[in-house]
């Protein structure tokens, strides 16, 4: 293989891995039965089964451990308006 082919192959593999990681955040089997509310009440999470105790992306949160998958809880400069957002490949697995 030439260097150009090798580099192109590595880029394609990297993109495929990134797409697979991002798809994990969008697919939540528990969410197929019932759509989540716009503003999630943290107290109501305790009444649900263990598997669905996470907040999906773009929903309000208070800490990163509440967010599903590789999402992290990000707030604005003043520590308000916190939402679960994609943490990227680096944040995946860290809570």
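Numbers here mean position along the shown chain, with the first residue as 1.
Cβ from N, Cα, C; glycine included.
Because the structure is a prediction, the values reported are computed rather than measured.
The secondary structure of residue 54 (disulfide bond), as reduced to three states from DSSP, is coil rather than helix or strand. According to Swiss-Prot, the disulfide bond annotation covers 54-68 (among others), on the basis of experimental evidence.
Annotated disulfide bond per Swiss-Prot: 61-73 (among others), in sequence order, evidence recorded as experimental evidence.
Proximity of residue 67 (disulfide bond) to non-local residues of its own chain (separation of 6 or more, Cβ distance below 8 Å) is seen for 54, 55, 56, 57, 61, 73, 84, given in sequence order. According to Swiss-Prot, the disulfide bond annotation covers 67-84 (among others), on the basis of experimental evidence.
What Swiss-Prot lists as disulfide bond is 70-92 (among others).
Of all the Cβ atoms in the protein chains shown, 18 others lie within 10 Å of the Cβ of residue 82 (disulfide bond). Marked as disulfide bond by Swiss-Prot on the basis of experimental evidence: 75-82 (among others).
For 92, the entry in Swiss-Prot reads cysteine amide.
Residues annotated as signal peptide in Swiss-Prot: 1-23.
A straight line from the CA of residue 82 (disulfide bond) to the CA of residue 68 (disulfide bond) spans 14 Å. Around residue 84 (disulfide bond), a 10 Å sphere centred on its CB holds 24 further CB atoms from the protein chains shown. With respect to their backbone Cα atoms, residue 68 (disulfide bond) and residue 75 (disulfide bond) stand 16 Å from each other.
A simple way to gauge crowding: the CB of residue 75 (disulfide bond) has 13 other CB atoms within 10 angstroms, across all the protein chains here.
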